[in-house]
Amino acid sequence: SHSTSRHQNQPQGHYGLTSPISLAPPNDVDHMHTQKLIEAMKPFGVFEDKEELYQRTTVLGKLNNLVKEWISELAERKNLPPSIIEHLGGKIFTFGSYRLGVHTKGSSDIDALCVAPSHVERSDFFQSFFDKLRSQEEVKNLRAIEDAYVPVIKFDFDGIEIDLVFAKLSMPTVSDDLDLRDDSCLRSLDIRCIRSLNGSRVTDEILRLVPNLENFRLTLRAIKLWAKRRGVYSNIMGFLGGVSWAMLVARICQLYPNALASTLINKFFLIFSKWDWPKPVLLKRLEESFLNLPVWDPRVNPSDRYHVMPIITPAYPQQNSTYNVSTSTRAVMVEEFQRGLEVTDEILKGKSDWPKLFEPLNFFQKYKHYIVLTASAFTEEHHLNWIGLVESKIRVLVGNLERNEFITIAHVQPQSFPGNENLYKESGCVSMWFLGLVFKKVESAEKTNIDLTHGIQSFTDTVYRQASALNILKEGMKIEATYVKRKQLHYFLPAETLQKRKKQRVSDISQSGSGLQCKRSSLGKSCLDGSKERDSRTPSNSSLLNKISKLDPSTAETERLYVFEVVCGMQSLISWPNSKSQVSPTEMEATVALRTSGPPIGCTIPGYNTVSQLRPCFVQGQHKLSGTLITDPKSASPKQHYSPTSK
């Protein structure tokens with residue numbers, strides 16, 4: 001019942017821990033709803049078959065043998081005695097969805113941990129083992145992400161996608177019966193090895209702490225399906241990953257130990273739509289240990305106080321699994337929790353059915369303003385490395401945009417899309433991500449220009465610096481951030497992706513007229529004196545301009561489209577000038593103005609002798625302004641000026 005007291009809706013006590021909440025034993029209606037839930041989930045392939053299970057088991061066996069073989073070969077190269085080499089061992093552990101028993105049909109990724117003895121270094125894993133994987137004909141799409149919070153090697157093995165992390169133990173051998181639940185295995189390890197080990201340790205502890213595994217697994221399958229359909233399943237993008245969703249479900253199972261999945265799902269949305277964030281979610285009390293490792297504790301660690309949606313892992317050392325969550329992503333998830341509560345209330349009252357819960361989010365109709373982020377490279381191999389890095393940093397862009405005083409929500413769609421061939425024909429391999437923006441309403445008689453330069457430039461600088469530091473920055477790698485309005489999304493996405501567009505909106509698109517011809521403002525070396533010369537060392541990327549030559553008449557009257565293009569060694573600002581028609585006093589117009597040039601100083605790009613330091617300019621209508629964009633149109637001049645003689 002929703003008439004339960006506050007302490008039931010929102011558990012109190014030490015960090016939200018409280019005794020289980022008693023409900024009436026499951027009845028026939030509960031069983032009926034749970035059976036209907038199972039039937040509604042089947043079409044989505046959330047239940048794996050025996051054939052897939054056998055295939056994954058076989059692949060893991062092969063990978064385990066490969067690890068042992070590599071560890072022995074490495075020991076020989078390091079001149080270890082043969083008597084020791086014979087007993088070195090090495091082992092693959094699984095964690096995440098596969099270990100939890102909620103792996104889905106057709107979703108072939110497995111989270112795995114490579115545990116090695118003390119003579120193996122992390123550099124060996126990312127060099128010699130990486131090379132060994134490269135030589136296996138079963139291995140495809142191999143790439144390493146060494147600078148991730150938990151460094152990982154990603155690859156496909158016989159069609160099964162593997163995310164493999166690494167940890168070496170402070171012991172000379174690794175036996176097949178090694179138990180990682182013992183805290184002593186963490187002794188004398190660096191923080192990256194501890195994080196890697198915690199994947200397996202946390203998963204095992206979750207399984208130990210839930211009262212009923214069958215109910216937990218069915219509920220978790222449903223919540224994961226819901227989260228993916230609603231676009232809130234992605235740790236790397238600032239939403240929640242698999243382990244965080246598992247801990248939230250486990251907490252509900254602890255609170256309602258006798259409830260079936262249909263009830264648990266409803267209680268899940270009830271509890272977390274009303275949760276007093278940032279109060280943390282814990283499965284057990286924080287524990288001390290003789291190892292004295294740093295654990296999540298906002299009373300001790302100032303940085304922990306800034307976590308907006310903490311969900312704390314149950315294995316020592318306890319950490320926040322939702323470090324990447326931002327104010328925007330939390331707001332999006334809370335909104336989805338509230339929708340989930342409304343839908344499940346209707347279902348349990350017999351007014352709706354379970355498929356309604358799993359209806360996908362219509363992201364491309366949800367917002368009026370979007371940023372299209374594209375990452376491109378000349379070759380497929382370079383593209384894999386490039387998009388892995390860019391994707392891991394998109395949450396930085398979200399955080400930067402959130403700090404803009406005019407932006408209330410920056411919502412990234414976790415799914416990436418292939419680049420439009422007509423637009424990006426010259427760019428080789430292209431991936432696109434979309435961010436929906438909500439701007440604050442301003443009470444002003446004047447139109448407000450919003451400068452997105454700093455947030456975007458800071459993000460691109462971060463990506464280029466990381467790529468340079470990792471020595472993966474190659475000629476042809478570039479990032480483009482394009483501001484568009486909803487009506488312009490059809491330039492980037494196929495009609496089937498935008499299938500839920502309103503009929504009149506579709507007809508508007510199909511009847512688009514000649515529109516306005518795009519104009520290009522080059523930011524060459526002599527930008528401030530009006531020169532339109534391009535840097536001759538910069539590869540041409542004019543396809544975007546050539547292909548988007550027409551806008552909807554309805555769009556062109558009131559909207560201006562700006563493209564912020566970051567190319568290796570070159571940037572440009574592209575604008576479709578607005579007509580002279582009147583704009584509503586409260587209408588916001590987001591513009592992107594450039595301040596600084598492409599890759600930061602110090603980033604070496606193969607194929608270029610130097611990185612040109614280009615001067616910025618901002619183009620509005622027929623006027624060019626140097627320096628920052630003024631947000632107060634009444635000002636006669638910019639508040640700050642860009643000096644050509646300054647940095």
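The backbone N, Cα and C atoms fix where each Cβ goes, glycine too.
What TrEMBL lists as ATP binding site is Phe95, Gly96, Ser97, Thr104, Asp109, Ile110, Asp111, Asp163, Lys224, Tyr233, Gly242, Val243. What TrEMBL records for Asp109, Asp111, Asp163 is Mg(2+) 2 binding site. Residues annotated as Mg(2+) 1 binding site in TrEMBL: Asp109, Asp111. Under the heading compositional bias 'Polar residues', TrEMBL lists 1-12, 507-524, 637-647. Per TrEMBL, the feature domain 'Poly(A) polymerase nucleotidyltransferase' maps to 16-210. The domain 'Poly(A) polymerase central' annotation in TrEMBL covers 215-359. The feature domain 'Poly(A) polymerase RNA-binding' is assigned by TrEMBL to 362-423, 429-503. Per TrEMBL, the feature region 'Disordered' maps to 1-29, 503-547, 628-647. Residues or ranges marked as transmembrane segment in TrEMBL: 231-250.
The Mg(2+) 2 site is set by Asp109, Asp111, Asp163; from the centre of their CB atoms, other residues of the chain with a CB within 8 Å are Gly96, Tyr98, Ile110, Ala112, Lys154, Glu161, Ile162, Leu164. Taking Cβ pairs closer than 8 Å, the transmembrane segment (231-250) reaches residues 95-97, 100, 102, 111, 199, 202-203, 206, 209-210, 216, 219-220, 223-224, 264, 268, 272, 281, 283, 311-314, 321-322, 324-326, 328-329, 332-333, 336, 360-361, 363, 391-392, 394-395, 398, 412-415 in its own chain, all 6 or more past its ends. Asp163 (Mg(2+) 2 binding site) sits 5 Å from Asp111 (ATP binding site), taking the C-alpha atoms as the reference points. Counting Cβ atoms from all protein chains shown, Phe95 (ATP binding site) has 26 others lying within 10 Å of its own Cβ. All protein chains considered, the CB of Lys224 (ATP binding site) has 22 other CB atoms within 10 Å.
The Cβ of Asp163 (Mg(2+) 2 binding site) has 18 other Cβ atoms within 10 Å, all protein chains considered.
The sparsest Cβ neighbourhood within 10 Å, among the listed binding-site residues (Asp109, Asp111), is found at Asp109. Sorting each residue of the domain 'Poly(A) polymerase central' (215-359) by its DSSP state yields 74 helix, 6 strand, 65 coil. Within the domain 'Poly(A) polymerase RNA-binding' (362-423), the DSSP-based counts of helix, strand and coil residues read 27 helix, 17 strand, 18 coil. Summarising the environment of Gly242 (ATP binding site), the number of other Cβ atoms within 10 Å of its Cβ, over all protein chains shown, is 22.
Pairwise Cα distances among Phe95, Gly96, Ser97, Thr104, Asp109, Ile110, Asp111, Asp163, Lys224, Tyr233, Gly242, Val243, which the record gives as the binders of ATP, peak at 19 Å. Over the domain 'Poly(A) polymerase RNA-binding' (362-423), the average per-residue pLDDT in this prediction is 91.
Over all protein chains present, the Cβ of Ser97 (ATP binding site) has 22 other Cβ atoms lying within 10 Å.
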